Amino acid sequence: MFMINIISLIIPILLAVAFLTLVERKVLGYMQLRKGPNIVGPYGLLQPIADAVKLFTKEPLRPLTSSTTMFIMAPILALTLALTMWVPLPMPYPLINMNLGVLFMLAMSSLAVYSILWSGWASNSKYALIGALRAVAQTISYEVTLAIILLSVLLMNGSFTLSTLIITQEHLWLIFPAWPLAMMWFISTLAETNRAPFDLTEGESELVSGFNVEYAAGPFAMFFLAEYANIIMMNIFTTLLFFGAFHNPYMPELYVVNFTVKTLALTILFLWIRASYPRFRYDQLMHLLWKNFLPLTLALCMWHVTLPIISASIPPQT
């Protein structure tokens with residue numbers, strides 16, 4: 001029975017990821033005053049299926065000098081971790097209701113760094129290695145602010161359980177009292193998922209395509225799926241933290257619709273940002289984090305800790 005539950009979570013995620021690629025190409029197309037894919041199937045709806053078939057039927061080439069085991073393990077690990085992070089998400093009921101769901105997701109996103117590092121190192125190519133090192137430095141750096149922002153939000157929530165965030169936001173979305181945090185959180189999620197304008201790892205002019213430059217066919221598709229699954233997952237996380245969807249136990253369908261619409265809006269915003277902004281320079285990226293975001297988030301975290309104490313009460317504990 002548990003296996004059926006897992007499969008019923010994984011298959012919709014993979015389908016969502018497949019069609020997100022189509023949405024991205026369509027949105028970018030219309031933003032550049034062109035149509036986007038519209039040949040394969042009605043309105044190009046079968047394009048993701050054609051892409052998947054094309055990728056998985058190609059020969060998985062491997063460089064002679066690469067480390068075989070690690071080279072194959074890296075994309076598998078990336079996809080596994082990307083799918084594992086969906087387990088504690090309440091939609092409205094999680095697959096596994098964890099007490100420390102937020103901590104679990106933070107730990108999983110930190111582990112994803114290893115798959116990038118392994119892929120860059122195992123490829124035995126200098127482009128891949130430079131791309132991987134950039135990606136790792138960027139991901140680790142932005143995780144610092146993500147963790148501090150999470151801590152500040154959870155002080156208002158009172159526990160590390162994701163389900164309590166829904167109850168906390170029944171009357172007021174947390175984006176209103178914590179809008180500076182929400183702003184920094186959103187920019188940090190862009191950097192965390194290696195999206196434009198922070199897609200330094202894929203600097204085409206200097207690194208071809210970053211850490212996955214030596215990958216082809218199936219393993220490349222796995223990295224691709226992992227990246228897009230992480231994008232949707234981060235947007236779901238943002239929705240849970242700041243745009244709490246109202247949950248009526250008698251009508252869970254309403255929650256699902258509410259939740260999906262907010263997640264979709266954030267995902268379209270990701271694509272809109274990609275179409276609008278040029279890529280950052282590497283030093284600007286690091287400067288933004290260590291000199292701007294980190295002091296601000298630390299100050300706001302202290303503010304969130306001291307405010308309840310000043311007003312003669314302790315933070316909520318559930």
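Cβ coordinates are placed from backbone N, Cα and C, and glycine is handled just like the others.
Feature annotations, reproduced from Swiss-Prot:
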type	residues	note
TRANSMEM	2-22	transmembrane segment
TRANSMEM	70-90	transmembrane segment
TRANSMEM	100-120	transmembrane segment
TRANSMEM	147-167	transmembrane segment
TRANSMEM	171-191	transmembrane segment
TRANSMEM	223-243	transmembrane segment
TRANSMEM	253-273	transmembrane segment
TRANSMEM	294-314	transmembrane segment
Tell me whether the transmembrane segment (70-90) sits in contact with the transmembrane segment (171-191), defined here as at least 3 Cβ pairs under 8 Å among residues 6 or more apart in sequence. no
Same chain, outside the transmembrane segment (223-243) by at least 6, Cβ under 8 Å from its Cβ: which residues? 13-14, 16-17, 20-21, 75, 78-79, 81-83, 85-86, 89-91, 105, 109, 112, 115, 119, 150, 153, 162, 165-166, 169, 173-175, 178, 182, 185-186, 189, 192-195, 212, 215, 259, 262-263, 266-267, 270
If you count every Cβ pair below 8 Å, which range out of 2-22, 100-120, 253-273, 294-314 shares the most with the transmembrane segment (171-191)? 294-314
Short question: most Cβ pairs under 8 Å with the transmembrane segment (147-167), which of 2-22, 100-120, 294-314? 294-314
